[in-house]
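Chemist: Pasting a structure here, questions to come.
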């Protein structure tokens, strides 16, 4: 009996504890990211932002959560009720399970699988299904238009994201996220410089992937009232909200892993190795999240045709050209990694 426990049950308990250790701080970070967004945008617009609930408004996310929890969930009469309820749950769950392969520090990762890049690409592609299901199940023209926009936007920018990641794989020679970070430790400076434009393209693409300004066309308030979640209230709305902000943190972690060295110190400065890698990971992700908020506070929304033109006529040819350029340079300089 004891052997059965240690062989089958104990590993499951350890995995469950790891999942709780990752998801609990993540949900807290999502809650306080909403507070940070309101404070940052308030400061940029010369106002104070939330400052009443608790000291410096720090309890505002808790007040918002309690408010949404006790609101009445309203389900439209002619909607597909089962899909209507499932859609926000799908979006939120998918935003959490992507974290399974993200390395927070050296050796600190839930599942260090050899196809981590494929896993995270699959999860990020699936996240649009929750939005499409919500738009269809709501039986509302505004929600349906928002869902169609979201699927078109996802397809447009997923292609360029995939090509950008191919350039990273060409320089590192692995699909394992921990090994990608370790490869950046010894990567020549000129390869880093060559990947820099692709890092910018990747960050702009993930802005579109997460439906954030200036690419928030699926929920454009001036055109679609609130887009795909127009019929949602109470915890359905809260789960969509949490899913969006959890995706923001996830894509910031992806950008950090692929282009900023993950948990490595900036510019591989050796004397900074005394600081734990987790600190550098959080610092880099925090900087990218600030960029998300900064962009929302300063840039207007793109028109839909401009969004499509940028994805298909600018990013797709540029990333294709860059894949050919990077592979040619690596072959010519004999720096192509062995896989």
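Glycine is treated like the rest: Cβ placed from N, Cα and C.
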Chemist: Under Swiss-Prot, which of the candidate ranges 212-232, 275-295 is annotated transmembrane segment?
Modeler: 275-295
Chemist: If we skip the immediate neighbours and take only residues 6+ beyond the ends of the transmembrane segment (115-135), which ones have a Cβ under 8 Å from one of its Cβ atoms?
Modeler: 83-84, 86-92, 94-95, 97-98, 100-102, 143-148, 150-151, 154, 158, 161-162, 165, 169, 175-178, 180, 209, 218, 228-229, 232, 240, 243, 247, 250-251, 254
Chemist: Counting only residues 6 or more past its boundaries, what in the same chain has a CB within less than 8 Å of a CB in the transmembrane segment (9-29)?
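Modeler: For the transmembrane segment (9-29), the list is 96, 99, 110, 242, 246, 249.
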Chemist: Which of 161-181, 187-207, 235-255, 275-295 has the most Cβ pairs closer than 8 Å to the transmembrane segment (82-102)?
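Modeler: Comparing 161-181, 187-207, 235-255, 275-295: 235-255 has the most Cβ pairs near the transmembrane segment (82-102).
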Chemist: If you count every Cβ pair below 8 Å, which range out of 161-181, 187-207, 235-255, 311-331 shares the most with the transmembrane segment (275-295)?
Modeler: 235-255
